[in-house]
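Okay, structure first, notes after.
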């Protein structure tokens, strides 16, 4: 989820549910197909000549019976992992029975020419971020990343022109919730695990922050569209933020290649003690080396100048540090233990965004109090719902409707006016332009960086 600049403040910039697992071992269940005893039947005619024969038959019968009774007990079959459904709805806990989730792409740090040591303030900040070396924390974060990979894989394979954006968004939302095993319908459940922010489906010149909401006319995906798919997955407030772009016409291939290359350049450059300005320069150099021909006209791919990547904090998608896509003089450094969403946006337009009409979503201000005293009862009730279900995680009207809320817009406007809730608008470039986005979450660990959301797709 991109951070529009300038920032308001700061640096500019499992419970796992387990269900029954089928284990088709084949054959009939134990106890349903037992062999009979091998005992022979002895006749009543006590003929002396048959005595020896009867005696032999009895011995043989008993021997056969004893052999049959010495059956080997069947070994219990091991519990087999379930297979993912289509659409994805099987919780990850049923797919990874050992509870261990895949590690992301591990990259070594590039040599740091300056190699400056941490200041005392940086050391203090690092101590508050030592969780990046905690196995339990990492496993949960990797689980969230695996949820993202599985949901986006299905999206890339199944979404086609002719579908409405509302259907696509709800399929992604439902997939994330199902794989996490948290429906998010009870107070506090979506704070344990859920969506990191509203699923973004931004078309063409809409660069970022569009999601279908109730009351809007549904938009139908066209074969000529360029769609940015940006969604987040969190467990215990730690968000995996990753995005990709879908097209259905090869004419846009160079646009996508430019943005993907720029994102990878940013990931390669990022590291401990690296200046953000150096990451920005690498992104712009890669991005603007491309051009794209559309309708017989050639367009340079421009890095969008007033939206940025960002660091991620606990329950906070935009942590205060920004990573622009153009050269700048920012001497701020990335630090050990930080988490960054390295994303890039490229456009065939002006490369400059502005707020469009409408609302993408809302988010409780990070410095807002736990309780507010407002005259409007609906505002107080809505604020309680926000605290119980979202905290500081960004949400949208679609999520409020899902909880069964009605007639809440007046209360929401009151919360926005009093500065306790922020409102986010769609971000657009000039009409007729096309834009693309790719994004990954990277953990700056002590000995290496882990691109935790990396997959086979991008």
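The backbone N, Cα and C atoms fix where each Cβ goes, and this holds for glycine too.
Within 10 Å of the C-beta atom of residue 209 (substrate binding site) sit 28 other C-beta atoms, taking all shown protein chains into account. Sequence annotations record features per position, and here Swiss-Prot assigns substrate binding site to 209, 318.
Residues or ranges marked as divalent metal cation 1 binding site in Swiss-Prot (evidence: sequence analysis): 230, 241, 439. Taking the Cβ of residue 439 (divalent metal cation 1 binding site) as centre and 10 Å as the limit, one finds 26 other Cβ atoms among all the protein chains shown.
Its Cβ taken as reference, residue 343 (divalent metal cation 2 binding site) is surrounded by 29 other Cβ atoms within 10 Å in the chains shown. Among the features that Swiss-Prot reports, divalent metal cation 2 binding site is placed at 241, 310, 343, 439, with the record citing sequence analysis.
Residues annotated as compositional bias 'Basic and acidic residues' in Swiss-Prot: 1-14.
If you look up Swiss-Prot, you'll see 67-82 marked as compositional bias 'Basic residues'.
Annotated region 'Disordered' per Swiss-Prot: 1-93, in sequence order.
Calculated from their C-alpha atoms, the gap between residue 343 (divalent metal cation 2 binding site) and residue 439 (divalent metal cation 1 binding site) amounts to 4 Å. Within 8 Å of the Cβ centroid of the divalent metal cation 2 site, not counting the listed residues 241, 310, 343, 439, the chain contributes 1, 2, 3, 230, 242, 243, 309, 340, 341, 342, 440, 441. Of the candidate binding-site residues, 230, 241, 310, 439, the one lying closest to residue 318 (substrate binding site) when CA atoms are compared is 310.
Using residue 209 (substrate binding site) as the reference Cα, a 10 A cut-off selects none from the binding-site residues 241, 310, 439. Separation of the C-alpha atoms of residue 439 (divalent metal cation 1 binding site) and residue 310 (divalent metal cation 2 binding site): 11 Å, rounded to the nearest whole number. Within the same chain, the residues at least 6 positions away from residue 230 (divalent metal cation 1 binding site) whose Cβ sits under 8 Å from its Cβ are 1, 2, 199, 200, 202, 208, 241, 242, 243, 437, 439, listed in sequence order.
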